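As recorded in Swiss-Prot:
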BINDING   136-191  ATP binding site
BINDING   Asp259, Glu272  Mg(2+) 1 binding site
BINDING   Glu272, Asn274  Mg(2+) 2 binding site
DOMAIN    110-305  domain 'ATP-grasp'
Amino acid sequence: MEKRIQQASKFGKVAVLMGGSAAEREISLKSGKAVLEALRSGGIDAEGIDVGRDLIAPLLERRFDRVFNVIHGRGGEDGVLQGALACLRVPCTGSGVLASALSMDKLRTKLCWTGAGLPTPPWLRLDSPDDLERCRQALGFPVIVKPAEEGSSIGMSRAATAEELAQAWERASGYGCAVFAERWIDGVEYTGGMLKGVPLPLIRLETPHAFYDFDAKYRADTTRYHCPCGLDTGREAELQALVLRACQIVGVSGWGRVDLLVDRSGQPWLIEVNTVPGMTDHSLVPMAAKAAGIDFQELVWHILETSFA
């Protein structure tokens, strides 16, 4: 059972870890600033720490009672930080080592979901250019090519021809991790947040881009977010149950966000799970929480409570 904390002093000294050295560093800094301001507004003794490649040194220099982690991507969302904090016996928000590591790796997440009978688009790992023809035969076109361990759609490309597939593989292979192609799903994109085991309202995403890429997420002013999502109550509840099951299968706890697509026939497809979603006041989890009647300050309080789990 999740613990409820009524007094700010019970949290003790809180380190808000942000930044990191991954490609999502700037987004993490924005998330960290928003979280820090909200925690302090709630009377919590919190200190922001801009972490570089050395995640541990700042925590050894000063004593903290717990960590609010908003480092996105590698180093902060992949189990590395979670393992280090476990060794230091410093409680942290969100998922533990195993769930963080699994969720950061999109390929292994898909393997877990497939093994549990959950729907995720067919895919093929691309280890070299020699796999591209096999990809064409197995998946057809179009496909979306992804680095397995990057967030915010970094390194992703849609490919509708053999030439585009080769270019997409070249781009994705530059991120130092496995690369895979996934069958393109023509449909509507949703994202579903989870807070302490309870689903948040779904958000429907609408963008003129080919897909919800980095520009659509952080730069474009043409992206539209619909919450309520427009589905009837029963259908939304079905997708929310799928979101919770997707989290459960990979062990995500505390809070997180699952991205999914619903094709033209109504079939849902799980895409990925985020264990440290964006936390600016314009990010998706805060947006969904607001629709559920939870303001930003209350949201960060609830997330910090997950460090007691």
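Backbone N, Cα and C define each Cβ position, glycine as well.
Keep in mind the model is a prediction, meaning the values are calculated, not measured.
Features as recorded by Swiss-Prot, highlighted on the structure.
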| residue | record | DSSP class |
| --- | --- | --- |
| Arg136 | ATP binding site | helix |
| Val143 | ATP binding site | strand |
| Glu150 | ATP binding site | coil |
| Ser157 | ATP binding site | strand |
| Glu164 | ATP binding site | helix |
| Arg171 | ATP binding site | helix |
| Ala178 | ATP binding site | coil |
| Asp259 | Mg(2+) 1 binding site | strand |
| Glu272 | Mg(2+) 1 binding site | strand |
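A separation of roughly 23 Å, to the nearest angstrom, links the Cα atoms of Arg136 (ATP binding site) and Glu272 (Mg(2+) 1 binding site). Looking only at Cα atoms, Asn274 (Mg(2+) 2 binding site) sits nearest to Glu150 among the binding-site residues Glu150, Glu164, Ala178, Ile185. The Cβ of Val143 (ATP binding site) has Cys135, Arg158, Ala159, Leu165, Ala168, Ala181, Glu182, Arg183, Trp184 as same-chain neighbours under 8 Å, each 6 or more residues away in sequence.
Taking Cβ-Cβ distances under 8 Å and a sequence separation of 6 or more, the neighbours of Asp259 (Mg(2+) 1 binding site) in its chain are Glu189, Tyr190, Thr191, Leu270, Ile271, Glu272, Val273, Asn274. Cβ environment of Ser157 (ATP binding site): Ile144, Val145, Glu164, Gln167, Ala168, Arg171, Ala172 lie under 8 Å away, each six or more residues apart in the same chain. Summarising the environment of Glu272 (Mg(2+) 1 binding site), the number of other Cβ atoms within 10 Å of its Cβ, over all protein chains shown, is 21.
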